[in-house]
Amino acid sequence: MNAEERLSLLLRNTEETVTEEDLKALLSKKEKPRAYIGFEPSGLVHLGWALCASKMRDFIDADFELTIFMADWHARINDKLGGDIERIRLCAKYMGDCFAALGVPMDKVNFVLASEIMEKNSYWETVIKVGKVTSLSRIKRAMTIMGRKEDDAELDSSKFLYPLMQAADIFVMDIDVAYAGIDQRRAHMLAREAAEKLGWKVPVAIHTPLIPGLSGMNRMDPISGKMSKSHPDSNILIHDSAEDIQRKMKKAFCPPEAEGNPVLSVCKYIIFGRGGKLVIERPEKFGGNLEFNSYEELEKTYLAQELHPLDLKNGVAKALSDYLAPVREYFEKHPENLEALKESMAKMQ
Ligand SMILES: Nc1ncnc2c1ncn2[C@@H]1O[C@H](COP(=O)(O)OP(=O)(O)OP(=O)(O)O)[C@@H](O)[C@H]1O
Ligand SMILES: N[C@@H](Cc1ccc(O)cc1)C(=O)O
């Protein structure tokens, strides 16, 4: 694959790259750059992460050394899973299963737990150095990277370490490209600015969009309306059955426009994310079946009101169920971590 092909693979399905010039320069000078994405192990996985998994595959295909980072202590700070570090680590194992089930070749990635890198002597030194060049108000603004409000006065003080730790993770692992959903932008901008001030390597940041929750997203605050495990009614879990998907899709917000439309967003980034097609089954009297081979074709037809929202939803529910069939098969063969996590989570309530 030449540099141009690598670049277009890395840029597909993204919302922004900071900066494209830096990325081009990196590709021209490094054969196997280092990229990473981090997650808090914090519960059952939803469809938004399928977009992350798909992008991870792009990084691997573009010949990057990819690290999937399981932020166990970050999740502990963020009070996830009852703040129980053992439960959080169990969840990290289950997440490894999820990425494998979503088609990430796990033998080609580094799967790293935050506690492993935190044992290095340089970790806390790096946190402190980043802290020395970052203002407290900047840290407060970055609280949104942990799903918290900037002005929440009730936060315990460990949470102020979190953005510094997330930036330090990048430096300690010697990362060239930090990848995440756009809600993580403030962490990456903080890391870039700290690196500039400290004279360290400035990481490139690549961000994918957020799949909206099924009940729709507030344009003024897209982060809080994203599909998330915190909003079970408006998410699709990767474990959902065909019936669950159908039921949830039926209730989904589906306005006659593309922006903020969760059903079209699922089509764009999941169903057509790596090619693919969509078949809408319709009785002859309503125009018969439709087949789309690209998202653009689908969007055009839908916006021209030649496809009824209910028919679209039914077709998407069926396509999603097919998309997630390998995930169901994977967990039928490897149920251990999922079952152990569910059992452990049941003890929390
Ligand atoms: N709806 C989504 N669409 C696309 N990417 C997402 C979505 N939700 C989260 N991500 C990405 O997944 C990674 C982990 O995010 P995060 O831990 O906030 O997920 P979550 O399951 O929605 O968590 P929570 O429910 O606790 O807010 C981040 O890179 C984030 O940008
Ligand atoms: N802040 C990320 C998790 C994360 C933590 C540390 C990292 O280095 C990277 C990512 C989230 O909420 O999903």
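Note: Cβ is positioned from N, Cα and C throughout, glycine not excepted.
Note that TrEMBL annotation is computational and uncurated.
Positions annotated as L-tyrosine binding site by TrEMBL: TYR36, TYR162, GLN166, ASP169, GLN184. Taking the Cβ of TYR162 (L-tyrosine binding site) as centre and 10 Å as the limit, one finds 23 other Cβ atoms among all the protein chains shown. Taken residue by residue with DSSP, TYR162 (L-tyrosine binding site) is part of a helix.
The C-beta environment of LYS229 (ATP binding site), restricted to residues of the same chain at least 6 apart in sequence and closer than 8 Å, consists of SER42, GLY43, LEU44, VAL45, HIS46, ASN235, LEU237. Taken from TrEMBL, the feature ATP binding site applies to LYS229.
Residues 42-48, 147, 181, 183, 210-214, 217, 236-237, 262 of the same chain lie 6+ residues outside the motif ''KMSKS' region' (226-230) yet bring a C-beta within less than 8 angstroms of a C-beta in it. For 226-230, the entry in TrEMBL reads motif ''KMSKS' region'.
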Most isolated by CB count within 10 A, of the binding-site residues GLN166, GLN184, is GLN184
Same chain, |i - j| six or more, Cβ under 8 Å of ASP169 (L-tyrosine binding site); the result in sequence order is TYR36, GLY38, PHE69, ALA71, ALA114, ILE117, ILE175
Taking every pair from TYR36, TYR162, GLN166, ASP169, GLN184, which the record gives as binding L-tyrosine, the longest CA to CA distance in angstrom is 17
Cβ density check for TYR36 (L-tyrosine binding site), other Cβ within 10 Å (all protein chains) comes to 26
The DSSP breakdown of the motif ''KMSKS' region' (226-230) into helix, strand and coil residues is 0 helix, 1 strand, 4 coil
